[in-house]
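For reference, the structure discussed in these notes is given below.
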Amino acid sequence: MAQALLVPPGPESFRLFTRESLAAIEKRAAEEKAKKPKKEQDIDDENKPKPNSDLEAGKNLPFIYGDIPPEMVSEPLEDLDPYYVSKKTFVVLNKGKAIFRFSATSALYILTPLNPVRKIAIKILVHSLFSMLIMCTILTNCVFMTLSNPPDWTKNVEYTFTGIYTFESLIKILARGFCLEDFTFLRDPWNWLDFSVIVMAYVTEFVDLGNVSALRTFRVLRALKTISVIPGLKTIVGALIQSVKKLSDVMILTVFCLSVFALIGLQLFMGNLRNKCSQWPPSDSAFETNTTSYFNGTMDSNGTFVNVTMSTFNWKDYIADDSHFYVLDGQKDPLLCGNGSDAGQCPEGYICVKAGRNPNYGYTSFDTFSWAFLSLFRLMTQDYWENLYQLTLRAAGKTYMIFFVLVIFLGSFYLVNLILAVVAMAYEEQNQATLEEAEQKEAEFQQMLEQLKKQQEEAQAVAAASAASRDFSGIGGLGELLESSSEASKLSSKSAKEWRNRRKKRRQREHLEGNHRADGDRFPKSESEDSVKRRSFLLSLDGNPLTGDKKLCSPHQSLLSIRGSLFSPRRNSKTSIFSFRGRAKDVGSENDFADDEHSTFEDSESRRDSLFVPHRPGERRNSNGTTTETEVRKRRLSSYQISMEMLEDSSGRQRSMSIASILTNTMEELEESRQKCPPCWYRFANVFLIWDCCDAWLKVKHLVNLIVMDPFVDLAITICIVLNTLFMAMEHYPMTQQFSSVLTVGNLVFTGIFTAEMVLKIIAMDPYYYFQEGWNIFDGIIVSLSLMELGLANVEGLSVLRSFRLLRVFKLAKSWPTLNMLIKIIGNSVGALGNLTLVLAIIVFIFAVVGMQLFGKSYKECVCKINVDCKLPRWHMNDFFHSFLIVFRVLCGEWIETMWDCMEVAGQTMCLIVFMLVMVIGNLVVLNLFLALLLSSFSSDNLAATDDDNEMNNLQIAVGRMQKGIDFVKNKIRECFRKAFFRKPKVIEIQEGNKIDSCMSNNTGIEISKELNYLKDGNGTTSGVGTGSSVEKYVIDENDYMSFINNPSLTVTVPIAVGESDFENLNTEEFSSESELEESKEKLNATSSSEGSTVDVAPPREGEQAEIEPEEDLKPEACFTEGCIKKFPFCQVSTEEGKGKIWWNLRKTCYSIVEHNWFETFIVFMILLSSGALAFEDIYIEQRKTIKTMLEYADKVFTYIFILEMLLKWVAYGFQTYFTNAWCWLDFLIVDVSLVSLVANALGYSELGAIKSLRTLRALRPLRALSRFEGMRVVVNALVGAIPSIMNVLLVCLIFWLIFSIMGVNLFAGKFYHCVNTTTGNMFEIKEVNNFSDCQALGKQARWKNVKVNFDNVGAGYLALLQVATFKGWMDIMYAAVDSRDVKLQPIYEENLYMYLYFVIFIIFGSFFTLNLFIGVIIDNFNQQKKKFGGQDIFMTEEQKKYYNAMKKLGSKKPQKPIPRPANKFQGMVFDFVTRQVFDISIMILICLNMVTMMVETDDQSKYMTLVLSRINLVFIVLFTGEFLLKLISLRYYYFTIGWNIFDFVVVILSIVGMFLAELIEKYFVSPTLFRVIRLARIGRILRLIKGAKGIRTLLFALMMSLPALFNIGLLLFLVMFIYAIFGMSNFAYVKKEAGIDDMFNFETFGNSMICLFQITTSAGWDGLLAPILNSAPPDCDPDAIHPGSSVKGDCGNPSVGIFFFVSYIIISFLVVVNMYIAVILENFSVATEESAEPLSEDDFEMFYEVWEKFDPDATQFIEFCKLSDFAAALDPPLLIAKPNKVQLIAMDLPMVSGDRIHCLDILFAFTKRVLGESGEMDALRIQMEDRFMASNPSKVSYEPITTTLKRKQEEVSAAIIQRNYRCYLLKQRLKNISSKYDKETIKGRIDLPIKGDMVIDKLNGNSTPEKTDGSSSTTSPPSYDSVTKPDKEKFEKDKPEKEIKGKEVRENQK
């Protein structure tokens, strides 16, 4: 392809399309057709040439073609792509160089390509204004569509739109043709959309179709046209469609699982949700007198009782009457109840009956399969599921919580996250593909360049030489170049040669200058002229300096790394104009919000041995940050511009020669069009924005620069930012006048400080350079806004400006790497998400308009159905804004409530369709793409902002200086003391000194290495400053040497960096000897160039291992630390004699006790018992005296046992070991708590508040179990490893949220108060109460009350935001915000409507981004941890992994004995029938049919229906029993050796029992129909038989793989729930029952607490549980409420404890555990997909062994050689070797044992090798494999190969040759001896036979002479294989002769 592309670039490649061209094409096409033989005309697509991707229609013309001659713009040209040479196409290029491809056939049969009409149409079509016009029309049209009640004149506008669209389509049809050929109008799917829209428009206009609004909604599709017009969107939509295709498997699995769960739900809860509490009929009614007869069943046909007195009572009518149901306040639906003991009970005077409709308008139910499915889908998406959960538990009983646990964990967490995993994978694949494409292009361009170079080498050598000398004769040349850059940019044949010569000269000049350069400016040189040229060329091709891939160049030679100081003495930042780095390296190199002071362009590799140089007084420094790519691009290009101007400027001239040399590299390749601004702007900038007027000014400037750029000033400014943030966060309501004036003054002061900083920086740097940098622009904007705000302080309505001050918080990112990284990730994602966000916006827009058009009217007309007052509810679709809000709410995952409303007013089907579409398309796909992008930007940024950490920022420098100062003072004081008191020689210690070790100076710079100073980096962790963590580099003259010595701010490398900082934190016991110290030093040194990541903890240290694995030699360690012993020498006791020895023996005894397994088991048992005991302390404990007493004693016993354990461990391990182990500390603290409460009880202080709260800490006891259970410990360790980064992200999120919280306080503080009626609890109308004073006037009956969760201060704001971010309780907050007016004013309904947008913005940034970041961090961390502790995986190549996995699977299997076929003829027939695959599949079909019949069941089906279904069920039971009997007959007792059969057997027995004892079972157990549901599990078996189900198998495989890990996480979650349940019971058992707390869901007992906590695990309904706890004083609660049976008084909660309890639980469970779950699933999913993508899967090996069983019925593991061919042919692909396969099998060289048998492993190994191909690693693996196989199958020990198939064949062939020759010899002998009397003819006849034999043997010989066979063997089996069998070969080389003789005759006979 590359070859074909090499049309000479420039105008020559463009040729106008003429009649001749058309004729030529036709001729070529005819020739090609003639050339091809018939057969080859349909060759496979693989080998067909493909169109060039760079010349596709819609792309821009590659740069290599140069400019289009003006006369050829918008004209038909011959196709540039060689692929289309013989196809009838032509191209047209517009001014923007976009390619349009057309068919060269006649359009509409009349317009030839050269027809003037068609030419005009083409000109219009390709013109950019045309697409602009269409774009504007679409947007305007969209605006008109959002009008809910359009005025009449819009009708005419509609016609205009239709007209424009029609015109567009006509133009397209005229230009392209309609539909027959390629590239015609209807060949583009996007045009189908246009076409249908236009047709619909005309149809609706002229034909009356009744429901017009439904059809008018089709106009909405016009919005989709934007996608086809905006270029980037098509690709995103492509990606979306791809991910939806990938989702098909997950979707099927999801639907299947949901169906199964829905069936279970249907069987368990059918009709339950209609159980209501109905009033017991009044005593005087006829009912009372007849109750007995009713219950005895005497009732006439219509449900009426007839009795003696003849008064009638209709029971059905009575219970159908809504007014008799018990309804709680504020609820729409009556209270549900159940008749089970653990179900909800009715109040006094009420009875539980099944009547009325289901809850929520009748839409929440399990009565039919479809409603059950909807309920399950809702559970899976976790929308308002707490409501379903509570209703079901209330109606059916608490035990059914198990059902919900299963559905939530398997359905919700697993399936939803699988969808995420699939989308992320699809995204990743797409990314890979684009990267590969880019690489491929690069290679092609390289090739082109090579070609160009060759073409142009010879032609113009002379001209070029003269040109070069002229060009570089002076600066003038540069100026000219600037002017003529458009010429220079063309890669015309002339310029290419010139480059080379110029470059050579320049090279030599550079070498000379480079050695004697005085100003210290270093230019990294690139290695070869070619590479420079190619790179620069590539750059200009893309116009994107970042496309260079990592391979392109090493960090050392970024093409043009030009120092800022070239341009002016003030700037010493290295800004490279073009830095070619790969994506990964680019991150954080120089950046947007960052100053580019130490933005060195070398990477960490080159940092290591760099020179350290101080910076000059005149240069500015600052901290480093990071840039987005576009920014870098802009800045680079702009700096290129500047450089040119600067050169023209006088100050730059003296250096010009050296610069010129480098600049010209890129000069010719940069087009003028790429300049950011016109040249006049730079001239203006030079004069007005760079202030260099006089010397005095320069001095002032210099001074200001010194001050402003000092790190201490930076530190001060950072402190000011923090203080300012604090001041802003201190606003609250109500605030005193004094406090508020303090805040105002503070604000003024800070504004002043920041303004001064900005002004000084501008003076120091000049405006021109000041605004070159992201951070400074940011500062400038904020300062200007603050000043504006001061000016406009008193203007009403501009308080919004105050919110901009909050952005100052972001300045912290300068010195806080994690925040910086986060902003960067969000920045990157927003860049990548730009298109996605547009697509999302289009989707939201379309659905909002559709909703408005379809349902708007219905909401208006049927509003009384959903609202008693007949007012529109808050969520409706009557206008565009509200419609948009509903769609947005659905995207947040809350769809069910709004859908109920919609279904009630507008009918079920349409609403279901629309809402499901929004839910599936919007929510699942788009939000998951969000996540996928976030995750991918994580992996590319590698979370740890490595580059940032490696650069020191000013803050660290300042802190470092302070640290040094303090150290200096400390050392001085120490020395004084030493001199005064100790006259000893100094011992050299490892310490942080400040001595300079070495100081080498030469003519270029100095390298200084200092001892390390410890700095706290941004995370508060100590990190050594040095190789690993931070390095800066400067280049200096030697005269700067002194300034260096005097400048203490420099940091320098030390050989061990991170290592030393680790020493600081090590425990002393870790190093028992010097050598160990040395070793660890080396170790640490090896890791010292750690990534500097926030996560990267030191490598696991010896101490940790010591803690986990007890010493082998059973010797206790020292009791005390060395420090203690030094200070108190008496602690050291001699263990050799006397008391010391007794003490030592005692310790040894204790040690052996503690280390004993039984001791540990006993302690675990005690821990479990004591934890269990806590669960009994509920509110009923007072009434159960015996239990209470028992528990008190037990508590004491447990406490004593634990104290004893602790003492034993102290004696055994010594204090040092005990107290350096974190788990021991945990034990210690928990024991202390028990001890304190014991002592307090003994002393009678048990009622003290402090003691009571201490007792609640006993809830932590179960934590001790953590260290004892391996599984949980693994998870905890992983979590602890993740804590630093989770904390980091949590902090960043808090900062992020702080901004929204402060903004919320500014907007809503004090405005949520409202006046309520104390009797009814309703809010007063605005007519009655307008403000606070009106409310006061009403006295007792009114109350001025605040919403519980509000924005009155920043803390409350945080809680409110957490509720919004988790979408729980957010409605109330939003309603309050939307209704609010001002402080002390009564709210009005939707007064402040657009406040919704505050929440929308917060949800997007605060919730989607930040909460997903947690997932990102955890997954990222997970991977990092795996890498750190991971096993071989990381050190294996991909190849090796493939083999390893195949082998792993291989080794674990072994052939089994098949079930023998019965000898009895009848049994044998049945056996054959049962073992066929068809039988299996038919049974599966029966199971599915059974499932369908179960789905048909409904709650209120007719008796006849019930009868039919039970008969059908009977049939199924008979069939399944039949299957069972058949299998039993044929398989005999072997039936029970297969797990699945036992399962079938149990199900069949249960079904039969269930059929006969249905009533009995239903009464005491569950509904017997459930047994039939269980049978569905068998469907799992069928998946193996279906080839197409591979995807689903993968998903299930992923689940199986994740189960162990998920079980561990589940255990941990249970532990957390347990602790919180105990804690909740002791704190919230008695709170007032309201909101989410009622008689069933509360913290009164352990069970109830667990039920509540399980619900909050998914963060569902936590607002409801928190609300009652926030009641802290009357009138919200009653502090003196009496609780019968208990001594506790009052039902008030404790808000601070409550908030802490719920927030911490949500963070732990929801963010951590649930996200760990996600991480595990994503991980295993990718592993599983890799597995399934491997050439050999688990199933292939299983299949191999299944076939093997038939050939080896006795499971000997051997097969005879003669059967091998049939065996190979019986396998399935990929292992299959079809017949004829003899030769192949022989060539495999398989080892054989006596009896010509071959072992299964050898065959499998050879076949596997055949599939996987050659590899050198096979030997080692093979040996490994055999070991494993031996271990699992001891029978193979006897296996000693004697020969191999190949050897056997060679033996056979050689035997044949020997025999033949021997026969010939015998014959000759005979001929000699035989007398001549025999006739010659007979002799002829005799000889004939051998001759025939010869021929046969010759043939064989030809096929397999030794050489040939060897050749073929080497192709099918690698030499490595031989090496394994070589020893064997030698072994049986000896036996060969005898064997041959033995075997000869036998074989001959066989032949």
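Heads up, the Cβ atoms here are built off N, Cα and C, so glycines get one too.
Swiss-Prot lists a disulfide bond between CYS911 and one candidate from CYS892, CYS902; that candidate is CYS902. Disulfide annotation in Swiss-Prot: CYS864 is bonded to CYS870, selected among CYS862, CYS870. Relative to the membrane, ASN149 and LYS1428 occupy opposite sides according to Swiss-Prot. Among the candidates SER285, SER484, SER493, SER1687, the residue that Swiss-Prot annotates as phosphoserine is SER484. When SER278, SER365, SER486, SER1009 are compared in Swiss-Prot, the phosphoserine annotation sits on SER486.
Only CYS1315, of the disulfide-bonded residues CYS864, CYS870, CYS1315, have a C-alpha within 10 angstroms of the C-alpha of ASN1331 (N-linked glycosylation site). Burial estimate for the disulfide-bonded residues (CYS864, CYS902, CYS911, CYS1315): highest at CYS902, by number of other CB atoms within 10 Å.
Mapped onto DSSP helix, strand and coil, the compositional bias 'Basic and acidic residues' (46-57) counts 5 helix, 0 strand, 7 coil. The most densely surrounded of the disulfide-bonded residues CYS870, CYS1335, judged by C-beta neighbours within 10 angstroms, is CYS1335. Here the intramembrane segment (370-386) has Cβ contacts under 8 Å with residues 254, 258-259, 261-263, 265-266, 269, 358, 363-364, 404, 407-408, 411-412, 415-416, 893-897, 919, 923, 1636, 1655, 1658, 1660-1661, 1664 of the same chain, all six or more residues outside its ends. Cα to Cα, CYS902 (disulfide bond) and CYS864 (disulfide bond) are separated by 13 Å.
According to its DSSP assignment, ASN339 (N-linked glycosylation site) is coil. Note on proximity: of the recorded positions ASN339, CYS864, CYS870, CYS911, CYS1335, the one nearest ASN1317 (N-linked glycosylation site) is CYS1335, by Cα distance. Of all Cβ atoms in the shown protein chains, 15 besides its own fall within 10 Å of the Cβ of ASN339 (N-linked glycosylation site). Using CA atoms as reference points, the recorded positions ASN339, CYS864, CYS870, CYS911 were checked against CYS1315 (disulfide bond), and the closest is CYS870. DSSP gives ASN1317 (N-linked glycosylation site) a strand state.
Look at CYS870 (disulfide bond): DSSP puts it in coil. Closest by Cα distance to CYS1335 (disulfide bond), from the recorded positions ASN339, CYS870, CYS911, is CYS870. On a Cα basis, CYS911 (disulfide bond) lies 21 Å away from CYS870 (disulfide bond). Spacing of CYS864 (disulfide bond) relative to ASN339 (N-linked glycosylation site) is 35 Å (Cα to Cα, whole number).
When pLDDT is averaged over the repeat 'II' (693-965), the result is 84. Same-chain residues lying 6+ beyond the ends of the intramembrane segment (1651-1663) with a Cβ under 8 Å from its Cβ atoms: 382, 384-387, 389, 393, 398, 401, 404-405, 408, 412, 1349, 1363, 1366, 1368-1369, 1372, 1613, 1617, 1620-1621, 1624, 1635-1636, 1640-1643, 1702, 1705-1706, 1709-1710, 1713-1714.
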